[in-house]
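Chemist: Before I ask anything, let me first share the structure, which is written out below as structure tokens.
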Amino acid sequence: QAVLTPDVIDVEAPEYLARDLLLLLFLEPDARCSRCFRAAVPVHARYHRPAEGTEEAVVVLQSPEVLLCCCHSHLSAECWEPAEVDTPCPSDNTSPCQWHSTTHRPAYEESMLRVPVGLREHSSLVCALTLLTTGLCSGLILAAACKYGHFS
Amino acid sequence: RAEGMAGAGAALLGGLLARLALVLYGLHQDRAMRVRYTDVDYRVFTDAARLVTEGRSPYRRATYRYTPLLAWLLTPNVFLAEAFGKLLFVAGDLAAAVVAYRALRRRGAAAGRACGCCAAAWLLNPLPMAVSSRGNAEALVALLVLATLYWVQAGSVGKAAVCYGLAVHMKIYPLTYALPIALHLRSRPGRGEGAMDAGGDKTAKFTFMARLWHLFVKMLNRDVLLFGTVAGSVLAALTVAFYHLYGWEFLEHAYLYHLTRRDIRHNFSPYFYMLYLTAESKWSFALGLAAFLPQLLLLLVVSIAFYRDLAFNCFLHTTIFVTFNKVCTSQYFVWYLCLLPLVMPSIKMSWRRGVLLLFLWFIGQGLWLAPAYFLEFNGYNTFLFIWLAGLLFLLINSLIIVQIISHYQTEAQVAKKLKQW
């Protein structure tokens, strides 16, 4: 089960107009290994601002925070400590459960996503050539329409 | 006649089987591969339909920017099977082919020829097949547009206006057909024939501007007013009813979004990279306008040049609109492909030339899709290639349009030739 905050997201907005996202993944233990929890999250990058001098924008994906739920039958040694985080329970989104943040060693300190972006240096060339080509093509079609059309 | 029916039946069956096969393949690819076959839009329709079955507004679903009618139509996606919508769009495809066939027969084409045109350009064309089997709703609008043209040709202005009102409600682009339809209705033989046609030998004396003025002033005859009133009422009624149900959200997402849409993400449009790079600069508005003006000018000139043949006029209209638009995705091609069967008999082109142009069109798309795939799925910076491919595609499309215009023959010549078959 996954919960996204905020739940109404503009998926088409460029990066500079988009808000931060918080993703909560509720995991059950792996079938084969009672202390293993697995999740795979697909990441789709937004469009970033065009950049000067570099072809990529860098996005840092921080390591996820791992929280242990002290709810129902899932009690463990950490639960004797006071609760640190108040987050909705997995099955019941209304009443908060007690979650404890655990210490863990991430495989990578932070993951970096390199997002390709347009280059500002190209602006003038792109504008000029685009407008020239569209002008040329409109001219061709106009000429054909005037030549073969019936204007009476 | 029996042979004609058999041919039509075979073509329809072929189209149906091919589309069903694609729908089944789509179900397989969705489950098995990383790149899904079904379009994202179809998920959006299904989610919106689910919201409607729960009694809520379909606009709660992000990126649902269509008419509520579509969500209502697709509610069986929730009750029966998720593939219901795709089957509905396939049925829409086939119905559009039937309407195109009947319209062609009305224009005087022989059964075999009409059947061949519909089959080649629509039923067995891979693009409409792919669009409908992926779950895009373009087939429904294509059906409504073809029905509008059919009824205008048949003389039932009222029925045409109802179909037109519905079509505009579903997608905004048919609004551009208002001018061709109005020009056609006012110039039909025996109806509202103005001094324009009577003064044949005086035309040389009139300046171009005077003729233009005369054309527009004589626009308002009984048919045009009837069409405008009925279509306007249908559109207004639907708008008011849905505004009453869903409020401002409906207006914002179904209509306003499409009119002010600025998509800087990569698409077939030649303007994409220019708009992306200048999205936040002070030139953004001016460039947007510079992109709009050629489109507008071409649409006006083409409408006036070819108003006598409504189907050809609308076909050119849509082709130009899509080619010069600021946003262009492959679904948009269906908008003019549905009209291609109607104009095929009027375009006298050798097979070789036709196939060459078609080949160029597909090459143009392929050259765009390759760098776009590398950008979207592999993260390579291929923006320049995508932009150049977009410009090339524009050139290819313009070439095709010019070739179609130069090989077009008027209806009278065509009808005479077809009757000799």
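Residue positions begin at 1 at the first shown residue.
Any Cβ shown, glycine's included, is placed from N, Cα and C.
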Chemist: Could you check which of B:109-131, B:224-246 is flagged in TrEMBL as transmembrane segment?
Modeler: B:224-246
Chemist: I'm a bit unsure how to read this: which one of B:63-81, B:283-307, B:380-402 has the highest number of Cβ pairs shorter than 8 Å with the transmembrane segment (B:224-246)?
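Modeler: By the under-8 Å Cβ criterion, the transmembrane segment (B:224-246) pairs most with B:63-81.
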Chemist: Under 8 Å, at least three CB pairs between the transmembrane segment (B:354-374) and the transmembrane segment (B:283-307) (pairs 6 or more apart)?
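Modeler: In this chain the transmembrane segment (B:354-374) does not contact the transmembrane segment (B:283-307) - fewer than 3 Cβ pairs sit under 8 Å.
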